[in-house]
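See below for the structure under consideration.
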Amino acid sequence: MSGGDMAKPLLGHRSMEGDPSITPAAGRTVGVLGSGDFARSLAIRLVCSGFKVVVGSRNPKRKAGFFPSAAEVTFQADAVKKADVIFVAVFREHYSTLCDLADVLMGKILVDVSNNTEINHHKESNAEYLASLFPACTVVKGFNVVSAWTLQSGARDGNKQVLICSDNQEAKRIVAEIAQVMGFTPVDMGCMSSAREIENIPLRLLPAWKIPIFLALGLFLCFFTYNLIRQVIHPFIREKKNKLYKIPIEVVNTTLPCVSYVMLSLVYLPGVLAACLQLYYGTKYRRFPDWLDQWLQHRKQIGLLSFFCAALHAVYSLCLPMRRSHRYQLIETAVKQAVEKMNIWVEEEVWRMEIYISVGIIALGLLSLLAITSLPSIANSLNWREFSFIQSTLGFIALVISTLHTLTYGWSRAFDENQYKFYLPPTYTLTLLVPCTVILAKIIFNLPCIQQRLLRIRRGWEKGRYVKFVLPSATGEFSSGETSSNV
């Protein structure tokens, strides 16, 4: 990229009028030590936000073309002298090269933006290590969770939060003002001891998704193996027919709805278990077991994976007629019908498939609505009652309709002995166990006697709680007593 292109603002200059809390930061001279990709993106964002930027480099002449013309690129010592707030955009292993600048860095605010290559790679955080090298400086950890792409594209195209921590409140305030002017939302994470946790955040790979993904993979492998035995191994052993061609599409397509259906029921099962515990103990203040608490926190991810499997099932189903094997079967059926002059129209089967497909489309539509409203950008635009109605009420309706979809698929075939391969029941009958349990529990909880008790518990009522009261004595003085809240 040429120097002229780098000088062009990526976004229009942001007006600071009407916001006195961040006006003092505008126009401040900010230093950047480093000339890598992040330093360049940081300089661009600072220039576009109205700051005077001075970049310190060991080779200023060679690096000047990579920065916008509005930024001054000079030697590190000169850059440090011209700014009070300096972004240290160099790797941890190169911190020692800055020790020659210790005298001119005295009293400056150093913003450490570095990350490690591994979680907890060092005993101390990078920010704490930088602070130990320059005890006369004030170190602030920040901007490490923001990518170079987000800096260049602006806060609109990336995560707006900038996590900040330091032992100096004034330094945190100054860096927070700079982040606000740049269009980000500063989040105070406390003292410098939080730097280790902040540096670990960018290194975690989908931490909230690991358990749901392993759960989905486990269910997929179980149902896939079960369907493989029924659809491929059974015909090969009993009838000597090679049905291996069914594995890539047909067996997978039979497995996906099972995983989606069970995963959807697992979204609402922990709520049922939590309600049972609250009814059993008669209080909402007793802590849930850790496994149940973790389960409740992963419901969003489980629901999204359920939608993902349902969407794949819909695509696979649309592709079924495209298979070469399906075309051969159609030709074979047509020839057989013409030779034997048989009527293959079965009214019951026609109605079953029509209802089955129609109910499935409705279920997929409701799952799409649940998935969309779970996105933060959509969820933030809904109030609590709207979000609860969609995720709870419509979600339960989606589970009921998915159950109807499964029952319609099974129809009367669950009672056909030919459907039991190796004495194994059809797969869809196994998937009905958990969802039907959830639906039955929901119906029981909606009974007036149980619903009212559960509502009272969730509003703070406790079974066996004693309440102190005060009664006047015969002498006119007041005496205290106790009574149970059940009375």
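Cβ atoms here come from the backbone N, Cα and C positions, even for glycine.
If you check TrEMBL, you get these features:
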- 29-116: domain 'Pyrroline-5-carboxylate reductase catalytic N-terminal' (DOMAIN)
- 211-229: transmembrane segment (TRANSMEM)
- 258-400: domain 'Ferric oxidoreductase' (DOMAIN)
- 261-281: transmembrane segment (TRANSMEM)
- 302-323: transmembrane segment (TRANSMEM)
- 355-375: transmembrane segment (TRANSMEM)
- 387-407: transmembrane segment (TRANSMEM)
- 427-449: transmembrane segment (TRANSMEM)
Any residues 6+ beyond the ends of the transmembrane segment (355-375) with a Cβ under 8 Å from its own? 260, 264, 300, 303-304, 306-307, 310-311, 314, 382, 387, 390-391, 394-395, 397-398, 401-402, 404-405, 408-409
Any idea what the model's mean pLDDT is for the domain 'Pyrroline-5-carboxylate reductase catalytic N-terminal' (29-116)? 94
Could you count the residues of the domain 'Ferric oxidoreductase' (258-400) that DSSP puts in helix, in strand and in coil? 121 helix, 0 strand, 22 coil
Across the domain 'Pyrroline-5-carboxylate reductase catalytic N-terminal' (29-116), DSSP labelling yields 40 helix, 21 strand, 27 coil
